[in-house]
Each structure stands twice: as C-alpha cells, then as structure tokens.
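The following features are taken from Swiss-Prot:
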| type | residues | note |
| --- | --- | --- |
| DOMAIN | 2-67 | domain 'BTB' |
| REPEAT | 216-261 | repeat 'Kelch 1' |
| REPEAT | 262-307 | repeat 'Kelch 2' |
| REPEAT | 309-354 | repeat 'Kelch 3' |
| REPEAT | 356-403 | repeat 'Kelch 4' |
| REPEAT | 405-449 | repeat 'Kelch 5' |
| REPEAT | 452-498 | repeat 'Kelch 6' |
Amino acid sequence: MESVIFSINGEIIQVNKEIITASPYNFFKRIQDHHLKDEAIILNGINYHAFESLLDYMRWKKINITINNVEMILVAAVIIDVPPVVDLCVKTMIHNINSTNCIRMFNFSKRYGIKKLYNASMSEIINNITAVTSDPEFGKLSKDELTTILSHEDVNVNHEDVTAMILLKWIHKNPNDVDIINILHPKFMTNTMRNAISLLGLTISKSTKPVTRNGIKHNIVVIKNSDYISTITHYSPRTEYWTIVGNTDRQFYNANVLHNCLYIIGGMINNRHVYSVSRVDLETKKWKTVTNMSSLKSEVSTCVNDGKLYVIGGLEFSISTGVAEYLKHGTSKWIRLPNLITPRYSGASVFVNDDIYVMGGVYTTYEKYVVLNDVECFTKNRWIKKSPMPRHHSIVYAVEYDGDIYVITGITHETRNYLYKYIVKEDKWIELYMYFNHVGKMFVCSCGDYILIIADAKYEYYPKSNTWNLFDMSTRNIEYYDMFTKDETPKCNVTHKSLPSFLSNCEKQFLQ
C-alpha cells in the first residue's frame, strides 16, 4: 500500500496515500500535486501527536480534544488548515477561558490570527482587568494593547484611581512608555492619587479626548421620599438604566455609600427612633441588617474614609448627642471615638486627609435650642476647636476639594443660602459667590474638577475659577442623592516618604 512519509521533529509517520487523496483540505491537495515519492515531507511547528489526531479526524471524523491538548491540536489545525478542527478547538478554549489564562490566550490568538479567540480573550481581560494585573504576562502587553483595553467602554474599573494603579503597575515593567499615563482623566481621580503620580515624576497632559470608560462615570443613587415608603433607585452609566434597588420605611435617617453598598443609618420608623443600620448591596440588591449603633438616634451626620463608615452626633429623642463612632465595612463592631465637644444634630462632617471636620447643626436640650456655627476637628485622637463659620447654620453640606472644605448651607431659619470656603492650613473662612437661593435640602458632592449640587436644579460649581453651570432637571420629591464608586482610595497626605506605603495599600485594595 503506497504511503506518504512525514517527518516531525525527527519522528517519521507514514500515511496511506488514499487518505491524502480523499482529503478536501488545501494542504493535502498541494501534497498530491507536488509530492516527491521517495522524500519525507518535513512539518515544522507541529506536534507529532497533534498531527496524528488530525489524521484520525480525517479518517473517522472524530477527534479527542481536551483542555490539555487543545492548544497543540489547534496549532496543527491552523498550519495544516483544517477549519472544522480549528472551530472545535476554539470553542473548547473559549469555554475554558478565565482570568488566570486570558492573557495567554490573547497572545496565542494574535500569534495565529484566530479572531474569535481574540475577541473572547479580550472580553475576559476587560471584565477582569484588576485580576489579570497579577498575571506575569500582564507586563508584556504592548502599550497599544493596554491602551485599547483601558479605553474600552466596558472595561471593569469603577474609579479612575484604579485605572491609575493598573497603569503604574504596567509602567513599572515598561519604563520607556510612561506617556501611556496620558490616557487618564485627572478630573475623575482623587487629589491623593494625583499627588502620588506627581511625586513619581509623571505628568498627565491635559486631554480633550472623550471619557470612554463608563465605569468611572459617576453612578447615582436616588432615594425618592414619600410619607411612608422611600424608593431607592440606582443609575449605572455602564448600562444606562435606572434599576430599583429596594425600599425603606424610615424617616429622618442619613445615608452613605461605602464599597458599593448603601448604608441607611438611624432615623425613625413609625415615629420611633431606631438603633439599626441597614445595608443594601447595589449590585446584588441584597439587604443586610448590620450591628446596631450605640444608641437610638436620628438626623446623624455621616462620612466615609479608608473603608469605614463614621456616624457623628444626632438627635436622641429631643436631645442632641455628641457620640461619634465608626464601623469598618464587612465587620460587626462599632468603635467609639471621644465625644464631640458640642453635641449636635443635622451638622456636616467631612474628611480632609485623615482628620474629621464637623460643623454647624443644632444643639438642643429640653430647655435649649441653639443653631451652631462652631467647627470641631478630630485629630490625634481628640476633638479640638477650629475657627467658627461666619454665620450660624442648622443645615450644612460640606465637601473636601483640593485639601480645603467647601460648605453650602440650606434654609430653615436663615433667609438665604451661603457658600463658604474653609482654608484648612490657615484655619480661615471666606465667603464666596452663591448662585442660587431659597433652597432647603440638597445634595452636594465633589466630582473631579467641580462640585455637584442637586437642589431645585442641577448645578456645577468650579472652585478654581469660582464659576457656576446650571442644568435644568426635575427634583420633585427627591430628597437624597448620592454619587458613589466601588472603591475608596486611602486618604492621606502623600509625601515622598509615605509614597511607597500608599501605593502598596492601593495595590492591595484595588488590584488583589
């Protein structure tokens, strides 16, 4: 029986010529046309056993493909050009792709020009970008490849600080391509991360490119209040949909977002004060009751920092309290801080670096009702007095911006709204131009290079230029807004000395 001889890495395999003649595949057709009878055909880049598997497929239309042999069979099928086997191998690889092998499969798909596998592995990288940074192959991605990945609209980053950490880890392996840092959008980064990048000697150029990463755009949580039940909804710029997260039957509560969970703190149910704190995961929509606070209270002030939820002051029945305590996310124990110097409810609290600033609100007992203008700072495990606000305010909203505090006041007893800036290093207050007036409740948060205010309309205040933008929007019956991101960048005063520790903490928090 006449045979065709193949040589693979010095090993000989003889194939019945009838199999070659009957083959519909181009590789074997060319052999029929050009084969020299007594010469072995040398096959390079093909595994001997993989070639045997292809021959079995040609004979019986069956082939044994496993996760262990799929790559060598696919390589052989690509070189020999056996499309049905290529398809079977690609399906097997796509079915088994995960965050630990997606970069290897991505590189494999490029090497052999397999588009379906390329798309699938790219999708896996995009969905698991923080996990794949631990892969030794991550640093071998080209600058253009990483730029493409991080510019994809669905890349799974929830804060631009996370994008920055991904880039810094890649730059560590590719120091000649530091200009990739320019894909960052500084206005979506925290001041702490911007300072860290500056201390590394890296400069982010001003960009006019559109923001493509949907995940870094601010998500919005809205609690729409009614007389008895408040509805919580969540808007994701990634999906561009509003979804109902759940309901709460509380009044006079406070709310804050930490690590993708909305905390509903204190308040009243059926005119009774409550200890409890409820938490809803904004992705899974699952509710959980966390450990009770130390006392019954409503109208507390809250702030978050370094993975902790801080609850300060509040109203215990008809008396203001000076209790300050915090709960670390994922734990069940409240930690008490020293009490405020002046008990209060309805004040504002905000972190600057690792210090808490509390201002305004109301001090009340059974005999007294005093609207406050005083300011306290918790630093080095004690409360100290700071310069008071220019006026007394019972409703105060405060945000940190570029190391200073901006305060907008609401209206109860006051006749108008005010905007103040507190210069932290100078312990000094200055009054700024206020665009709107006669608004009671509102939402205020820092959004990159501007401060967002949602009141009777949507406003953007730009501190550096002291200018305002106005956008019409309906805010009827909506009394609480919050913008949130999944991750909390550790807030600290980053210096050359503390920079390695800061970056190490960020890497542990964001990329592991």
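Placement of Cβ uses the backbone N, Cα and C atoms for every residue, glycine included.
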Cβ-Cβ under 8 Å with the repeat 'Kelch 5' (405-449): same-chain residues at least 6 beyond its ends: 185-189, 218, 348, 350, 352, 357, 359-360, 371, 375, 386-391, 393-399, 455-457, 459-464, 466, 468, 470, 479-483
Composition by DSSP (helix, strand, coil) of residues within the domain 'BTB' (2-67): 28 helix, 14 strand, 24 coil
Residue counts (helix, strand, coil, in that order) that DSSP gives for the repeat 'Kelch 3' (309-354): 0 helix, 23 strand, 23 coil
